[in-house]
Amino acid sequence: MSSEPFKNVYLLPQTNQLLGLYTIIRDKKTKRPDFVFYSDRIIRLLVEEGLNHLPVTPNTVETDTNQSFDGVSFLGKICGVSIVRAGESMEQGLRDCCRSVRIGKILIQRDEETALPKLFYEKLPDDIADRFVFLLDPMLATGGSAIMATEVLIKRGVKPERIFFLNLICSKEGIENYHAKFPTIKIVTGALDKGLDANRYLIPGLGDFGDRYYCI
């Protein structure tokens, strides 16, 4: 179900297990091995939820007991596109769920002169326009990088309805900015934070995800 009051935002069920995982990764005292382990658990949950939104077609198979089972098969192929570098942390979670999945990368950094996001690099599957795309970035703060990455995908022929944006934490401002540009794209997230601080970090947040995950 879409998370009110945001249309096309799908929040993971706020179970005690999930809240416990977020408590660990938000804690500034958590060491890197634990931060990586528990972040990976959340990422896996996000990927599984993203897969729930892919279209399917009926498929009946025969079991080893010579009985019929009415199931489904996914329609179309998928790929992941990570926003480098933090988004690369989510690639393994996608690979764990989807064997031999194609992965693309987009590098966006802040222009020091304008303070605006700037595209530096992209490497995407040649047939990306024919695939469903999981856009991967752990944090949605202002939405600038995600908006630019999505513009790259659309310019490469990907239809907005085939894009699913997966992240661990969103801000209200980031959601509003992103959906002002792309209202039909589904966002799958695990947490909605209350806002941004003066440095444009999510609050309560967890700091710089990439630094904590890669220990740089």
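Just so it is clear, glycine is given a Cβ too, placed from its N, Cα and C backbone atoms.
What Swiss-Prot lists as GTP binding site is ARG32, ARG41, LEU75, GLY76, LYS77, ILE78, ARG102, ARG131. In the shown protein chains, 19 other C-beta atoms lie within 10 A of the C-beta of ILE78 (GTP binding site). In this structure, ILE78 (GTP binding site) is part of a beta strand by DSSP.
What Swiss-Prot lists as 5-phospho-alpha-D-ribose 1-diphosphate binding site is ARG85, ARG110, ASP137, PRO138, MET139, LEU140, ALA141, THR142, GLY143, GLY144, SER145, ASP208. All chains included, 13 other C-beta atoms sit within 10 angstroms of the C-beta of ASP208 (uracil binding site).
The D-ribose 5-phosphate binding site annotation in Swiss-Prot covers TYR201. Within the same chain, residues at least 6 positions away in sequence whose Cβ sits under 8 Å from that of TYR201 (D-ribose 5-phosphate binding site) are ALA141, GLY207, ASP208. DSSP gives TYR201 (D-ribose 5-phosphate binding site) a coil state; it is part of no helix or strand.
The uracil binding site annotation in Swiss-Prot covers LEU202, GLY207, ASP208, PHE209 and is backed by similarity to another entry. Neighbour count (other Cβ atoms within 10 Å of the Cβ, all protein chains): 23 for PHE209 (uracil binding site).
In this entry, 5-phospho-alpha-D-ribose 1-diphosphate is bound by ARG85, ARG110, ASP137, PRO138, MET139, LEU140, ALA141, THR142, GLY143, GLY144, SER145, ASP208, whose most widely separated C-alpha atoms sit 17 angstrom apart.
Taking PHE209 (uracil binding site) as the reference point, the binding-site residues whose C-alpha atoms are within 10 Å of its C-alpha, out of ARG41, GLY76, ILE78, MET139, GLY143, SER145, are MET139. In this structure, GLY207 (uracil binding site) belongs to neither helix nor strand by DSSP; it is coil.
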